[in-house]
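J.: Provided herewith is a single structure, encoded as structure tokens, for subsequent inquiry.
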Amino acid sequence: MTTTITITGAGGQIGYALLFRIAAGDLLGPDERVRLKLLEIPQGLRGAEGAALELQDGAFGLLESVDVTDDAGVAFDGTNIAFLVGSRPRTAGMERGDLLAANGGIFGPQGQALNAGAADDVRIVVVGNPANTNALIAAAHAPDIPSERFTALTRLDHNRAVGQLSTLLGVPASEVRDVTIWGNHSATQFPDVAHATVGGRGVPELLAERFGGEVAARAWLADEFIPRVAKRGAEIIEVRGSSSVASAANAAIDHVRDWVHGTQNGWTSVALPSDGSYDVPAGLVSSFPARSVDGAWQIVRDLDLDDFAAPRIAASVAELVEEREAVRTLGLL
Ligand code: NAD
Ligand code: LMR
């Protein structure tokens with residue numbers, strides 16, 4: 001069988017990092033052939049065409065075809081997996097909210113094109129920022145596609161949180177389980193370690209050991225860990241001079257691979273339309289702890305949220321509500 005995969009913004013940085021890993025089998029495994037459809041705006045077409053030439057030069061055994069187009073109808077026709085990357089990245093000094101007006105307008109028409117042509121089993125991940133609200137806009141324009149097929153990427157934040165814990169505790173990242181990113185892919189997100197474990201031991205207990213008590217551990221979480229993870233995008237922009245690329249592409253691959261093949265190591269974090277769980281208003285695209293079971297995301301239920309977690313989640317959800325109001329005002333919803 002062959003899977004059709006559409007990548008928007010394929011001529012950009014993240015697109016370039018994604019394409020070769022998908023062609024090499026990192027997304028769907030060594031037995032699944034892929035057909036790639038690269039969507040760009042006219043000024044980005046040459047970049048995507050160049051990437052297509054290099055894909056040919058890679059002689060990838062799994063790669064059946066590569067099409068480059070600036071027509072969303074062509075790009076989404078028959079697509080099984082859509083990476084919605086195409087949009088403007090923020091630059092130094094911008095907050096993600098500044099991108100609402102700049103990028104929101106892209107996602108309504110793309111939602112309509114997906115609705116018109118995508119395969120029945122389509123899975124969509126929005127990478128372009130502000131990712132949660134862009135996914136909300138796209139889903140609202142695709143009434144025939146079940147809304148839970150529209151997700152936004154918070155796996156990068158999840159991986160960042162795992163990376164920080166792995167470094168601090170001196171353990172491989174693969175041993176860190178059940179971290180959660182709640183809320184928005186923005187500085188208000190809440191990276192939550194309350195239920196996380198390493199080697200079967202609770203991370204809160206390990207942090208208390210490391211910092212000499214629960215109070216000091218909580219202070220480290222509040223003052224160091226949470227801001228470090230939540231503002232890592234800005235740190236990368238400052239240090240690299242442009243926003244994250246390879247780690248973002250890697251996270252997008254992790255997200256879709258787990259969605260298709262199932263989560264392996266505990267749960268992960270996915271922004272998806274709320275079903276009302278954890279008091280997140282229904283329909284809002286918010287990040288939750290989730291497992292992929294039989295090819296569909298399931299929110300992990302009934303986690304206890306203490307007075308450290310609950311207000312932080314509520315604050316990020318409030319920002320998502322504000323973003324929804326802002327795009328309504330702009331006429332994008
Ligand atoms: P980039 O500028 O290198 O590439 C973006 C590409 O999108 C460009 O080639 C541009 O021509 C194309 N594009 C613009 N509008 C388009 C449209 N309507 N249809 C198709 N293509 C279109 O940017 P990048 O570094 O690849 O980043 C892309 C987006 O991903 C940005 O919004 C960035 O903020 C976001 N991002 C998200 C995460 C995350 O974790 N969710 C992480 C990193 C970056
Ligand atoms: C990131 O988290 O690295 C991206 O969303 C880019 C950004 O603007 O922070």
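Just so you know, glycine gets a Cβ as well, placed from its N, Cα and C.
Any TrEMBL annotation is an automated prediction that lacks curation.
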J.: Among N80, N103, which residue does TrEMBL annotate as binding NAD(+) together with G9, A10, G11, G12, Q13, I14, G15, Q110, V127, G128, N129?
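T.: As annotated by TrEMBL, G9, A10, G11, G12, Q13, I14, G15, Q110, V127, G128, N129 share the NAD(+) site with N103, chosen from N80, N103.
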J.: Based on the record's binding annotation for NAD(+) (G9, A10, G11, G12, Q13, I14, G15, N103, Q110, V127, G128, N129), what whole-number value in Å is the widest Cα to Cα distance?
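T.: If we measure all Cα pairs in G9, A10, G11, G12, Q13, I14, G15, N103, Q110, V127, G128, N129, the largest is 20 Å.
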J.: Given the recorded positions Q13, Q110, G128, R160, H185, return the subset with CB under 6 A from an atom of ligand 1, ordered by sequence, or none if empty.
T.: Q13, G128, H185
J.: Tell me, if you would, which residue among Q13, Q110, N129 (binding-site residues) has the fewest other CB atoms within 10 Å in the structure shown?
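T.: Checked Q13, Q110, N129; of these binding-site residues, fewest Cβ neighbours within 10 Å: Q13.
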J.: Counting other Cβ atoms within 10 Å of each Cβ, which of the recorded positions R90, R160, H185 scores lowest?
T.: R90
J.: What does the structure give for the C-alpha distance between H185 (active site, proton acceptor) and G15 (NAD(+) binding site)? Integer Å is fine.
T.: 19
J.: If you skip the near sequence neighbours and keep only those at least six away, which residues in the chain come within under 8 angstroms of G15 (NAD(+) binding site), Cβ to Cβ?
T.: I7, T8, G9, L38, G47, A48, A51, V85, G86
J.: Applying a 10 Å Cβ distance cut-off over all chains shown, what neighbour count does G128 (NAD(+) binding site) have?
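T.: Other Cβ atoms found within 10 Å: 26.
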